[in-house]
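Student: If you look up TrEMBL, you'll see 20-42, 54-77, 97-120, 141-158, 164-185 marked as transmembrane segment. The region 'Disordered' annotation in TrEMBL covers 215-235. Residues or ranges marked as compositional bias 'Pro residues' by TrEMBL: 223-235.
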């Protein structure tokens with residue numbers, strides 16, 4: 001019964017959050033069980049474009065290091081803020097949310113080439129947190145019970161926390177930069193004089209992920225309408 005309850009709760013999580021979190025956990029479990037090696041996952045342009053190991057374009061976003069504090073810390077933020085976005089400003093817009101992942105992943109990969117970054121999952125987390133924080137400017141965040149501040153300060157607090165742990169802040173900074181680019185193009189520029197939306201979700205994603213829109217001109221058959229129905233006349 002407990003297993004069924006856990007499964008039911010997991011299935012209630014929105015699709016993109018559920019898929020990405022599960023992929024990260026399964027990838028880490030495979031590395032922990034020595035079914036995979038991090039050397040098979042990291043981003044390497046030579047292996048991607050010369051050896052055609054194209055899976056590295058995806059797997060470098062799925063590995064957050066071995067099981068430990070850093071992994072659980074990142075998973076907590078990925079799950080929480082990814083779900084907050086998908087159930088908040090992206091509610092009913094699964095394709096748009098998936099496109100944000102795609103846009104962020106492509107831009108991080110291109111910028112990551114300049115900094116020789118091998119794993120970009122933490123940058124993706126920073127992007128999610130940044131976009132959520134800019135769309136929730138009045139929300140007050142309690143940071144591990146130590147500090148309370150407005151949501152827009154959260155990405156910078158996370159970057160400072162990474163620095164305290166001895167990690168490079170380059171990955172966090174990359175996520176913040178990409179998150180700001182997305183936020184500007186999606187939320188700021190279209191509202192400027194002469195501005196318009198530049199990030200248009202491809203139609204195939206909407207077809208695959210979004211529920212079909214109801215035709216406003218559709219007239220349901222009498223038997224499909226609510227209320228009592230009259231039997232058809234006898235011939």
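Quick reminder: no glycine exception, Cβ is built from N, Cα and C everywhere.
Owing to the predicted nature of the structure, the values given are computational and were not obtained by experimental measurement.
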Student: For the transmembrane segment (20-42), which recorded stretch in the set 54-77, 97-120, 141-158, 164-185 gives the largest number of Cβ pairs separated by under 8 Å?
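Tutor: Maximum Cβ contact count belongs to 54-77.
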Student: Let me spell it out: take the transmembrane segment (141-158), skip the flanking residues so only those 6+ beyond its ends count, and list any with a Cβ under 8 Å from a Cβ in it.
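Tutor: Contacts with the transmembrane segment (141-158): 77, 126, 129-130, 132-134, 172, 175-176, 179.
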